[in-house]
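Notes to accompany the following structure.
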Amino acid sequence: MSIVVKNNIHWVGQRDWEVRDFHGTEYKTLRGSSYNSYLIREEKNVLIDTVDHKFSREFVQNLRNEIDLADIDYIVINHAEEDHAGALTELMAQIPDTPIYCTANAIDSINGHHHHPEWNFNVVKTGDTLDIGNGKQLIFVETPMLHWPDSMMTYLTGDAVLFSNDAFGQHYCDEHLFNDEVDQTELFEQCQRYYANILTPFSRLVTPKITEILGFNLPVDMIATSHGVVWRDNPTQIVELYLKWAADYQEDRITIFYDTMSNNTRMMADAIAQGIAETDPRVAVKIFNVARSDKNEILTNVFRSKGVLVGTSTMNNVMMPKIAGLVEEMTGLRFRNKRASAFGSHGWSGGAVDRLSTRLQDAGFEMSLSLKAKWRPDQDALELCREHGREIARQWALAPLPQSTVNTVVKEETSATTKSDLGPRMQCSVCQWIYDPAKGEPMQDVAPGTPWSEVPDNFLCPECSLGKDVFDELASEAK
C-alpha cells in the first residue's frame, strides 16, 4: 500500500509493529518503527531508499504493484545501513543496471553489506543536482556522521521536500504518516529518545550541518524522514528542537540509577533522593533500578538532566555488570555539560564506587564527591545519604535555593514525621525489607510521611515483590 506524501511523491515503505530491538539489542523500540521509502514520479522515476532487509521480498512485491520496476530511472540511497538499503539485493536482481546515487562512503558500506561492486554507482557530493524533469531537481547534501560516514540528505525542488535520512526521525509506528495526525506527546517523547540514544555523540556536528542546509535558502514544506512520521505541519519545529538539544542540553533534573544485590544500595538511592528534594523542591528527580528499567529511558533521562548519581553494590571488588555496561554506553554517547556522583554499598571489601567514579570522570562528567556505606545502612548511615543529597542539591543548583528550604526544611520534616504521628515501621517477613513511614516508597508513589495504614493495598515489597499481607510490625517497635 502506498500513501500520497505530496503531488507525485508516494510513501512505499514498511511499518514494523513488532520490532522491539534495534541496533542489536541496544535500542528498545517499544512503539515499533517504520522503514520509509519514497517513490517520486516525474519525467524520471526515482526511488529514495528501500526498507529493512527482513522485508525485502514484500517490499519489491509491493513496489511492483505501484510501478513497473523497469520504469525506475534512478535509485537514491541516503544511507547504507540495513534498515534503509536492506532490500537492495532483492530489488537489483530485477533491475541490475539501474543507476544508484549515493556518497563515496556509501559505496563501501553498500558493497560491505551486499557484495555487488558491479552495480551502477554514481557518487554525489554536497551541492550536486540531478534533473528529474518537469522543472524539478534533486539536490544532494552530505551529512557525514549523522550518524554514519555515508549519510546524506536529498532535497526535491518544486515540492520543497527534504528527505532527511535518520535526522529528525523516530522509531515510532502508527497507521498515520504525518506528524499532525499522531499523539503529540508520544511523538515528542520518541523524538527525544531517538536523539538522546542515537545522535547525542554527534551533537557537535548537528548545529553546523543544519546551518549549512539553511544556508541554501531553500523553502522546506515537508521533512520526509527515514523512520517515523513525515513532518508536514510546521516541519521546522523538529529542526528547532535539534538545535536546542545539540547545545549541551540540560533541564533542572537529576537522574539516579543503581543496581543492588541486597537492597542496600537501593536504600541509599532513596535517601539521597529525599535529601535532594528537601533542599531543592524545584528539581525533578527520577530513580531507576537498572535491572528493572528500560535502559534507553534511563539514558534519555540522563540526556535531560543536569547531573546523574550512579549507585552500585560491590561484587568481586568491581561494580555490578549492568552498571558497568550502562556507564560504557554513556561514555560512547559523550554527554556534555553534566555532573555526576557515585555511591554504593559494600561488605568486607569495597572497590566498586572508586572504580565507578573513575569511569564516570573518563566519560566526561564533572565529578562530585562519592558516598559509600558498609553492609546495610542503618539510620545514621541513611541520614548521611540524605545529607549527601542535600549537598548535591546545593552544589548542582541552577539558581539560588529558596532560603526557607535551606534553613528550615530538615527541622520541619523531623517534627512532622515522628513515630507517634506515623506509626511503626513494618518489616517483610520473607526478605526482611523494612517499610519506614517517614521515608515512604517513592518507586511506588508512596510519599514520605505515609503511615502503613494508608499504603495502597496493591503495594508490593520492593525486594521480593510480595504483598502487604506478609508484613509485620518491626519487632523492636512492637509494644
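Cβ from N, Cα, C; glycine included.
Feature annotations, courtesy of Swiss-Prot:
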type: BINDING; residues: HIS79, GLU81, HIS147, ASP166; note: Fe cation 1 binding site
type: BINDING; residues: ASP83, ASP166, HIS227; note: Fe cation 2 binding site
type: DOMAIN; residues: 254-393; note: domain 'Flavodoxin-like'
type: DOMAIN; residues: 423-474; note: domain 'Rubredoxin-like'
type: REGION; residues: 30-210; note: region 'Zinc metallo-hydrolase'
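Where Swiss-Prot records a feature, it is marked here on the structure.
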| residue | record | Cβ within 10 Å |
| --- | --- | --- |
| HIS79 | Fe cation 1 binding site | 24 |
| GLU81 | Fe cation 1 binding site | 21 |
| ASP83 | Fe cation 2 binding site | 25 |
| HIS147 | Fe cation 1 binding site | 18 |
| ASP166 | Fe cation 1 binding site | 23 |
| HIS227 | Fe cation 2 binding site | 25 |
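In this structure the C-alpha atoms belonging to GLU81 (Fe cation 1 binding site) and HIS227 (Fe cation 2 binding site) are separated by 13 Å.
When pLDDT values are averaged over the domain 'Flavodoxin-like' (254-393), the model yields 96. Mapped onto three states, the DSSP output places HIS147 (Fe cation 1 binding site) in coil.
For the recorded Fe cation 2 site, residues ASP83, ASP166, HIS227 set the reference point as the centre of their Cβ atoms, and the other residues of that chain within 8 Å of it by Cβ are SER33, TYR35, ASN36, HIS79, GLU81, HIS84, ASN165, GLY169, HIS171, THR225, SER226. Across the structure, ASP83 (Fe cation 2 binding site) and HIS147 (Fe cation 1 binding site) are spaced 13 Å apart at their Cα atoms. Residue pair HIS79 (Fe cation 1 binding site) / HIS227 (Fe cation 2 binding site) shows a Cα separation of 12 Å. Compute the center of the Cβ atoms of HIS79, GLU81, HIS147, ASP166, which mark the site for Fe cation 1; besides them, the chain residues with Cβ within 8 Å of that center are ASN78, ASP83, HIS84, LEU146, TRP148, SER151, ASN165, SER226. With DSSP states grouped into helix (H, G, I), strand (E, B) and coil, the domain 'Rubredoxin-like' (423-474) comes out at 9 helix, 12 strand, 31 coil.
Sorting each residue of the domain 'Flavodoxin-like' (254-393) by its DSSP state yields 65 helix, 36 strand, 39 coil.
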